[in-house]
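> Here's a structure for you.
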Amino acid sequence: MSTQTLTERPARSTLFDGVTRYIPIGATVALLLVLYLGGIASFPKFDSPQVVAKLFIDNAPLLIIAVGMTFVILSGGIDLSVGSVMAFSTMCCAWLTVDAGLSAPLVVGLVLAFGTLWGLGIGAVIHYFNVQPFIATLVGLFLFRGLTLQISDTDVSMRDIQFFHWGMEHLVEVGKIRTGGFWLPNLSFVAFAVVIVAFVVLHYTRFGRGVYAVGGSEQSALLMGLPVARTKIGVYAVSGFCAALAGVMAAMGTKSANPLANVGAELDAIAAVVIGGTLLTGGAGFVLGTVAGVMVWGLLNTLIAFQGDLSSWWARIAMGVLLLAFILLQRVLARSGEKRRT
Amino acid sequence: MSDDPIVQMTGIRKDFTGVRALDGVDFTLRPGEIHAVMGENGAGKSTLIKVLTGVHHPDAGEILLDGRPVRFHSPGAAQAAGISTVYQEVNLTDNLSVAENLFAGREPRLGPFINFRAMRRKAKALLDDIGIDLNVAAPLSSYSIAMQQLVAIARAVDIEAKVLILDEPTSSLDRDEVAVLLGVMRRLAENGTAMVFISHFLDQVYEICDRMTVLRNGQLVGEWATADLPENALIGHMLGREAATLEQIERTAAAHHVEDEAPLVQATGLGRKGSIAPYDLEVRRGEVVGLAGLLGSGRTETVRLIAGADRADSGSLVFDGEATGFHNPRTASARGIAYCPENRKTEGLVGDLTVAENMILAMQASRGWARSIPVARRDKLVAEFIEKLDIRPANPDMPVKNLSGGNQQKVLLARWMLIEPKLLILDEPTRGIDVGAKADIQKLVAELSADGMSVLFVSAELDEVTRLSDRIAVLRDRELIAVLEAEADMTTEKIVDTIVAGGHGNE
């Protein structure tokens, strides 16, 4: 029996540690408030609740792929294929229902299965062949964009398929927009559901904690006997599923498939994840931060739409500047953390 | 002790790209025994352990666990079969909490969800049991490396391993922490857990182990009960020669005194907030100055300021007659200061480059990238240093990561010797390496200083500092408290007395 007890207090108080951990997300929330209040001060009608609701209508697909991306980035990887997988999924929805005449629910099931399988496949390539995720998923970016354009190089309308109208049906309607009410369609709630499920999985399941462990140190996770292969492949499957689901939601949102839709969506998703406070090196971050990141992107676009004169590219320019600011903030925090430890 | 072995390894062979790391090694482990695997660096201890834990797959031989043949394809599989390992480097994920690290992969659950409350309670109980008291909800990164190591051990213990492997678990622990660890090991042995203990600290091995297996050059030398193998016989078996080398060094130290000249290094009030209090330190030409103190006393911080690895925020530094403020190791190295950092893997060597490439890195940098070193000259220099430092295997084209710790350290030393610095700073050059390599390195330091090179030597092992140094700077609580002249009657006790007396009262 040991006769003595060793006590050690954390080098930082947990309270302080808690604070540093939340600085990036705090900055994101503050930024959201600034953008929103700035909008209200500058433009009449910006205070309509529908402005906020619209964020979750227009950006539901982006939110879904950003959630999938959060899993991948937390594990220390990256997934560049999601924009193309999403466009391919939308195109498949149109092609298989309109041209091939298959039933819409079956097609949706097939598309979701395809996204998951693609993720499993590329995850296996990344893990077992030890390929850089950047390169492996770049394969998907080219492959599925090419396939999408091969199916059709013009827009395909899905307006005649009744099933795809479900997404924009109003699930919640409060008052009239004119009198300060708002509405939200089904597809927004699909995105919310994805966020909630992701949150629970990441924080309360072994798979989720494994994602953080692998992102913290893959070598350690392996030596601790954690299922590293399953975890690494799993995150790409989650991301692939989310991309396919986002494609289906996009099909419902626009009721048409544009072969050049969502070019660069993977980069928007990565930007949203990083602005939401997730470390690009993996191991630290929150899925709710990703929601805030997506809202920042949406609000920037809304502000530019309200302003009216500016080209929509200004949203990208602003996003670029913000991304730089957030990456620097992360580095500064990481560095001060290292200093305290030594 | 029961006679049925729990682990029986026979005829294990393992080759790495042309090098035979293990050649027909047998190893037997019985329930409830603590069994040391001894040998020099590169003798094959780590490889043997990694074969047992499923990290490496043997090219030949058989492993019986509980009498049944087994073949592990991953550390996870070995763990599931009851073989747990604690490694020298802490292999936990420090972004997660202490409790999560203890239970990762086997968290208590409610349905599919982790029951965090139960997990924290169990974590607390487990740590209490072992005798450590931590906030289990705090991230692991907020604790010292030593405490993280104890958490890793707690994790391994709780897996209810039949076999627990401890690979250099004490190299980052201080005396109290080692006592806690050895206490835990004894209790586990009483409960019938078989343990494999690897350590370079012979006193710990003799204190705790029942039995020893000695390896040399990938081959089995033999197995003995601890009581039957006195320490010098053990060293003889490990080195394959009579252990006279260590004693030779005693004579070389303190034999030279270079007087009167202006000192090579003169630090006045040099300091850095939160890292080391302002200190004065002189290093004369051809002198070995040792830095002694406990873990965390500021030894490394002291030399980092001189090496330019950290920026001083007070005081001045005169090097070779010129006032300087080195801002980075590059300018320092251009002036003739070579710094071998403590953590050779992350701060010193490039694992994927070969021995030769690693050796010439600094020399190439000092010549500028445009002027490449002629191949013939390079090969000659590399061969010379491999021979001089006795680097094994003597293959200049082997990636450095495949070398054992002691040999990696020698490659690092060779790199700096190639540029013929005026001041060589060695931070824990002998940590975690075996007796033979230690002797080689100590001998080298003595030779270098005899040739006129000044050496700043940081080591946790006081007898090593005592043996090699002309003067000894003693540190405590991030403050340089005394500089002792090493006279012929210098002993480790004097240093300890200085540390104890020199601080702020008795804590």
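Each Cβ is built from the backbone N, Cα and C atoms, and glycine gets one as well.
Note: TrEMBL annotation is automatic and uncurated.
Here the structure is a predicted model, which means the values were calculated and not measured.
Positions annotated as transmembrane segment by TrEMBL: A:22-43, A:55-74, A:105-128, A:134-152, A:183-204, A:233-252, A:273-300, A:312-333.
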> Are the transmembrane segment (A:183-204) and the transmembrane segment (A:134-152) close enough to be called in contact, which here means at least 3 C-beta pairs under 8 A that are separated by 6 or more residues?
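Contact between the transmembrane segment (A:134-152) and the transmembrane segment (A:183-204): absent, because fewer than 3 Cβ pairs are under 8 Å.
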> Are there residues at least 6 beyond the ends of the transmembrane segment (A:55-74) whose Cβ is under 8 Å from a Cβ of it, and what are they?
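Distant Cβ neighbours of the transmembrane segment (A:55-74) are 82-83, 86, 133, 184-185, 187-188, 190-192, 194-195, 198, 202, 211-212, 215, 235-236, 238-243, 245-247, 249-250, 253, 262, 265-266, 268-270, 272-274, 276, 278-280, 282-285, 287, 290-291, 293-295, 297-299, 301-302.
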> Take the transmembrane segment (A:312-333) and find every residue of the same chain, 6 or more past its ends, with a Cβ under 8 Å from one of its Cβ atoms.
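Distant Cβ neighbours of the transmembrane segment (A:312-333) are 20, 23-24, 27-28, 31, 268, 271, 274-275, 277, 279-280, 296-297, 300-301, 304-305.
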> Of the listed stretches (A:105-128, A:233-252, A:273-300), which one yields the highest count of Cβ-Cβ distances below 8 Å with the transmembrane segment (A:134-152)?
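Stretch with maximum Cβ contacts: A:105-128.
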> Considering only Cβ pairs within less than 8 angstroms, which of the stretches A:22-43, A:105-128, A:233-252 has the most against the transmembrane segment (A:273-300)?
A:22-43
